[in-house]
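For reference, the structure is listed below as structure tokens.
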Amino acid sequence: MTSLWKIVSFIVATYTIAVVISDPQLSVFQKACSNYDATNPVVFRANRNKTLSNLRLQLSSNDGIHFAISQQPIQPDPVYAMFQCRNYLNSSDCLACFDSAETQIRSYCPLDGGARVFYDGCFLRYESIGFVDQILVSDNFRLCGNNVISQETTFARTVDELLSDIIAATPKINGYFAASSREVGGGTIAYAVAQCPERISPTACNGCLLAAYEKINSCVPQSEGRASDHGCFLRYSNSTFFNGYKETDLSLFLKGGGSSKTFIGAMVGGLAFLLFVAVFTLWFQFLRRKPAKEGDILVATELRGPMNYRYNDLVSAAKKFSEQNKLGEGGFGDVYKGTLTNGKVIAVKKLAIWKSIRAKADFESEVKLISNVHHRNLSRLLGYCSKRQELLLVYEYMANTSLDKFLFGDRCGTLNWKQRFDIIVGTARGLAYLHEEFHVCIIHRDIKSSNILLDDHFQPRIADFGLARLLPEDQTHINTRFAGTLGYTAPEYVINGQLSSRVDTYSYGVVVLEIISGRRSNDLQLEPFTEYLLELAWRLHEEDKLMDLVDRSLDINEYNTDEMKKGIGIALLCTQSSVARPSMSEVVSLLTSKGFSDYRPTRPTFIDPNTRVPNDSSNSPVSSNATIAITEASGR
Ligand SMILES: *[C@@H]1O[C@H](CO)[C@@H](O)[C@H](O)[C@H]1NC(C)=O
Ligand SMILES: *[C@@H]1O[C@H](CO)[C@@H](O)[C@H](O)[C@H]1NC(C)=O
Ligand SMILES: *[C@@H]1O[C@H](CO)[C@@H](O)[C@H](O)[C@H]1NC(C)=O
């Protein structure tokens with residue numbers, strides 16, 4: 001039951017080819033099982049049920065998505081699942097394909113191990129090993145039709161050109177899907193589609209499609225061919241199978257237009273190299289594999305790892321950490337702007353918590369973990385440097401600084417409603433990723449508007465995630481300078497140190513209220529009532545005057561009242577008592593689903609955000625003479 005055994009059996013997994021029946025989208029093209037068995041079938045099945053129902057929730061609550069992943073990392077049998085459907089299916093057909101695939105996949109494999117089901121319309125897979133970033137290109141397969149077409153040579157040439165073009169274009173297309181057709185002559189038309197899973201890199205997409213091309217090539221001149229390699233899919237036919245779907249203009253993605261055999265030749269050469277690299281890295285992983293908790297194999301980013309910068313390079317990049325280069329002071333240390341000799345602009349964080357950090361070895365493995373987190377709403381950790389008593393972290397630089405500057409600072413009132421709503425949704429997505437999609441659940445613990453950076457297009461990037469993990473467990477919640485900022489921090493965490501992902505949900509709700517109202521959470525308003533932002537929001541909710549909360553600098557013609565009320569309603573759901581708070585993926589679903597629901601949140605406990613928790617740590621953060629003022633919920 002070692003992980004090595006799991007991997008070996010995973011690779012020799014058996015494939016069986018199923019019959020293709022007439023309905024093109026819901027016929028099973030292929031099914032396969034992975035030959036390992038779960039350590040604890042009860043845990044495994046519960047995890048599997050959760051990932052499958054989460055996939056379905058994502059599909060049914062987001063119109064127009066064609067790709068979803070989900071994971072339940074609960075040991076000893078975590079489950080990772082992925083679903084993909086062809087972009088020419090509309091949402092209801094995509095969901096129908098999922099439902100059919102789910103029924104198939106549940107009943108197909110005898111062991112409690114991984115399974116995959118391939119349909120013409122979609123693909124579903126789960127494993128107890130993370131596979132979404134996988135670049136393995138060795139177990140692909142094909143299925144050919146059994147009718148040779150009449151204009152053999154012209155058809156073969158046309159299909160070959162069409163496939164070459166579609167393979168070259170797909171990795172460059174956002175969403176990795178292309179559909180196209182080409183005239184053969186004599187009334188015959190060749191149709192083709194290509195698709196890759198959205199999480200892999202363009203290079204991996206290219207490699208996967210090339211492996212599929214090698215297979216499908218031998219189907220021509222049959223009238224039909226399909227090939228697949230894990231998530232990527234390639235299909236051609238002499239009859240249309242994506243009726244009514246807008247074809248991709250391939251010429252936009254092809255250099256110099258037209259197809260070229262030499263291009264494919266070069267790429268097949270590249271594929272051989274990629275295979276070599278894959279085999280080599282796999283071997284390398286076997287040799288040095290530790291009993292790691294994540295169990296991911298062949299994750300490309302893990303091999304690259306964070307960059308170890310030279311101390312002197314960072315000192316000169318940040319002009320000796322001069323005052324002019326200082327960008328801000330965060331809970332974990334000061335941040336400086338720096339310019340490397342190659343012209344790249346970076347942000348360098350000088351960690352002020354060196355003495356609290358458990359051990360240096362720990363530091364490096366945590367940094368490695370954080371640098372593996374890639375999501376468009378999370379700030380990228382590029383590398384680090386540790387020298388004697390100094391620890392430096394290097395991040396991408398964000399020219400638009402942080403959200404607080406746009407809400408209350410020198411640029412206040414400059415964000416319109418659309419930009420604010422994008423920030424609300426993006427931040428929720430980033431947190432949902434940290435909590436539920438990354439292979440380790442990372443709780444941020446210090447979500448606040450100054451920790452949300454804005455990129456050039458005002459899309460949010462959450463900063464400082466993972467750093468709270470560097471602190472010893474029993475200290476984090478006591479020292480608010482390091483984890484948690486009063487006014488944003490959930491009451492159960494401040495008072496009892498109870499940590500769960502719902503702590504971030506609470507802080508997120510407070511940030512949403514700040515975004516909508518343009519008011520700081522810990523500014524005390526005196527007139528007409530003495531109250532903090534959260535108290536104000538709950539009072540207005542109870543008096544049914546929610547719209548009074550909205551920032552006056554927002555253009556009233558620009559937003560829709562229902563959307564605004566929905567935003568406030570969701571923020572209030574997030575600040576309820578911890579058991580009643582939604583998870584961040586539920587928040588994403590609520591925000592992105594259409595229509596308005598009348599939320600009935602329940603009033604929480606309030607904490608006075610200006611009361612300080614003592615900084616010196618005794619073991620129990622709240623003794624009988626606690627200095628935290630708690631206003632118990634009154635009435636209702
Ligand atoms: C998983 O779901 C199936 C079908 O919905 C159900 O029969 C089974 O009891 C569930 N198992 C667990 C462990 O939740
Ligand atoms: C989706 O497409 C199918 C045909 O493929 C059609 O029958 C169905 O009505 C469509 N559904 C929606 C909601 O547009
Ligand atoms: C595709 O080719 C097969 C085999 O030659 C033929 O029977 C079928 O009618 C063709 N379909 C179309 C739409 O031309």
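Positions of Cβ are set from backbone N, Cα and C atoms, glycine also.
TrEMBL lists Lys350 with the feature ATP binding site. DSSP gives Lys350 (ATP binding site) a strand state. Close to Lys350 (ATP binding site) in the fold, though at least 6 residues off in sequence, lie Phe321, Gly333, Asp334, Val335, Tyr336, Glu390, Leu391, Leu392, each with a CB less than 8 Å from its CB.
TrEMBL lists 613-625 with the feature compositional bias 'Low complexity'.
Residues or ranges marked as domain 'Gnk2-homologous' in TrEMBL: 26-131 (among others). Residues belonging to the domain 'Gnk2-homologous' (26-131) score a mean pLDDT of 86 in the model.
Feature annotation from TrEMBL assigns domain 'Gnk2-homologous' to 137-241 (among others).
Sequence annotations record features per position, and here TrEMBL assigns domain 'Protein kinase' to 321-606.
Taken from TrEMBL, the feature region 'Disordered' covers 602-636.
As annotated by TrEMBL, signal peptide applies to 1-18.
What TrEMBL lists as transmembrane segment is 263-284.
Assigned with DSSP, the residues of the domain 'Gnk2-homologous' (137-241) fall into helix, strand and coil as follows: 39 helix, 36 strand, 30 coil.
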